[in-house]
C-alpha cells in the first residue's frame with residue numbers, strides 16, 4: 001500500500017462540494033472514480049479542507065492509498081487523462097509518495113484562502129463564477145483591512161460559523177486576514193490552522209459591509225464579541241473563494 | 001446625434017469574433033442589437049480592434065451614434081441589462097460622450113495586448129478558455145524576452161501576418177514586447193500603434209518555441225527577416241489573448 005499526496009486544482013462551480021454528496025457531483029467522487037479507473041481499486045479520498053459547492057481550489061491537498069505499484073508521476077498523468085475524459089474540471093498538479101502516517105487532513109497545520117471581489121457596477125464576463133461582484137459603490141479597502149484586524153488571534157467565532165458547522169469548538173485562532181485593492185479588485189487573504197464552516201465567507205461578507213460604509217469599522221469587533229449567528233451581517237457567496245494552500249510540518 | 005464611446009469587456013469564447021459575421025454570433029451584432037433594444041435605433045458599432053473568435057477584451061473601445069436623448073450612464077446601465085438578459089458575456093464598463101470627429105478606430109493611436117500562458121503539464125480548470133496551456137517543459141521566459149527584443153521597432157512583419165490580413169502594408173512599428181514569468185504563468189505584453197491580423201498570436205507562438213528550446217534566440221530575428229509566412233514557427237491559439245487598452249490623444 002502506498003499513500004499518495006495529490007495537489008488538486010478545481011473549478012468548484014461544477015460540484016456540489018468537495019465531499020461526496022448523495023444529490024450531485026463532488027470532487028471526492030470524481031477523484032475516487034478516476035483512481036478506480038486507473039488502478040481498479042476502490043479508495044477513499046481525504047482532503048485538507050471540505051470546501052462547499054462553488055468554492056474553488058488552486059492547490060487543495062488530498063491523499064489516497066493505492067495497492068497497485070505505480071509511480072507518482074504516472075498516477076498523476078493517468079488521473080488527469082481520466083478526469084479530462086470524464087469532463088470534470090479537476091487537474092492534478094502534483095503527486096508524491098508519503099509515509100503511511102501522513103494525513104491530508106489531520107497532518108495539516110495551516111490553511112490559506114483567497115477571496116476575490118470584483119468591485120464594479122457592470123456584470124462580470126471573464127470572471128463570472130470566479131469572483132463576487134460587489135456593486136453599490138467603491139469599497140474602502142483600507143477600512144476593511146482595519147476592521148479585519150479585530151478578528152486576528154484566538155476567539156470564539158460563533159458569529160462567523162454556519163449553523164451546520166460540525167467543529168467541536170467555535171474557538172479558532174486566526175493568523176492572518178488582509179484586505180488590499182488591486183485595480184478594480186479587492187483581494188482578501190485569510191490564514192489559520194483551521195477554519196469553521198463558512199468562516200471565511202462570513203468574515204468577507206461583513207468586511208464588505210464595512211467597505212460599503214454600511215458598518216462602522218468597530219462593528220466588526222462588536223459582531224465577533226456578540227458570539228451569535230444573528231450578529232452576522234452577510235455571508236459572501238462561494239464563487240469568490242479559493243483554497244490556496246495547505247501547510248504540513250514535513251514540507252517546511 | 002450623440003457619439004458615445006463605450007468600454008467593453010467580453011469573453012471572446014462566446015463569439016465568432018468582434019466584427020459582424022454571417023455564420024455566428026459577434027460582439028458587434030450583440031451590442032448593436034442591445035442599442036436597438038434600448039433606443040429603437042439601428043446603429044453601426046466601430047471598434048478600436050477587430051479581435052478574432054476566442055480573443056478576449058478587458059477594455060475594448062467602441063463607439064455608436066445615437067439620436068435619442070440619453071445620458072451616458074443610463075445608456076451603459078440599459079445596455080448591460082439588455083446584454084445580460086440576452087445571455088451575452090459582454091459588459092459595458094464605461095460610457096461617455098465624444099465629439100463627432102472622435103472615432104474608436106481611426107482616432108486610436110495605440111493598442112495594448114496581453115497574452116497569458118499557463119505553463120504546466122496538467123490541463124486547465126479555472127483558466128480553461130482563458131489562457132494557452134503550454135506543456136513540454138518549463139518555458140525559459142528570459143530567453144523569450146531576449147528573443148522578443150529583435151522585433152521592436154519598424155519592420156516588415158510579413159512573417160507574422162495572417163494570409164487574410166487586409167492591412168495595406170506589412171510594415172508596422174512595434175513599441176513593446178515583454179515576457180515575464182509570474183509563478184506558473186508566462187505573461188507577454190505587446191504595444192503598438194496598430195497590429196497586423198494575427199500578429200500578436202504569431203509572435204507569441206514563435207516566442208514559445210524559443211522558450212521551449214526548439215528555436216535559438218536568434219531565430220526570432222531570422223524569422224522576421226525572412227519576410228514570408230512560411231518562416232512562421234507557430235500561431236498561438238486565441239484563448240490566451242486579451243485586448244487590454246486603446247489609447248487616444250484626447251485622453252492623454
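Yeah, the Cβs are placed from backbone N, Cα and C, and that goes for glycine too.
Remember, TrEMBL labels are computer predictions, not curated facts.
What TrEMBL says about this one:
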type: DOMAIN; residues: B:9-106; note: domain 'Pseudouridine synthase I TruA alpha/beta'
type: ACT_SITE; residues: B:52; note: active site, nucleophile
type: BINDING; residues: B:113; note: substrate binding site
type: DOMAIN; residues: B:147-249; note: domain 'Pseudouridine synthase I TruA alpha/beta'
For the domain 'Pseudouridine synthase I TruA alpha/beta' (B:147-249), mean pLDDT (0 to 100): 96
Alpha-carbon spacing, the residue listed as 'active site, nucleophile' to residue B:113 (substrate binding site), which is rounded to whole Å: 13
Candidate with the highest Cβ count within 10 Å, taken from the recorded positions B:52, B:113: B:113
Tally of DSSP helical, extended and coil residues in the domain 'Pseudouridine synthase I TruA alpha/beta' (B:9-106): 30 helix, 26 strand, 42 coil
Residue distribution over DSSP helix, strand and coil in the domain 'Pseudouridine synthase I TruA alpha/beta' (B:147-249): 37 helix, 31 strand, 35 coil
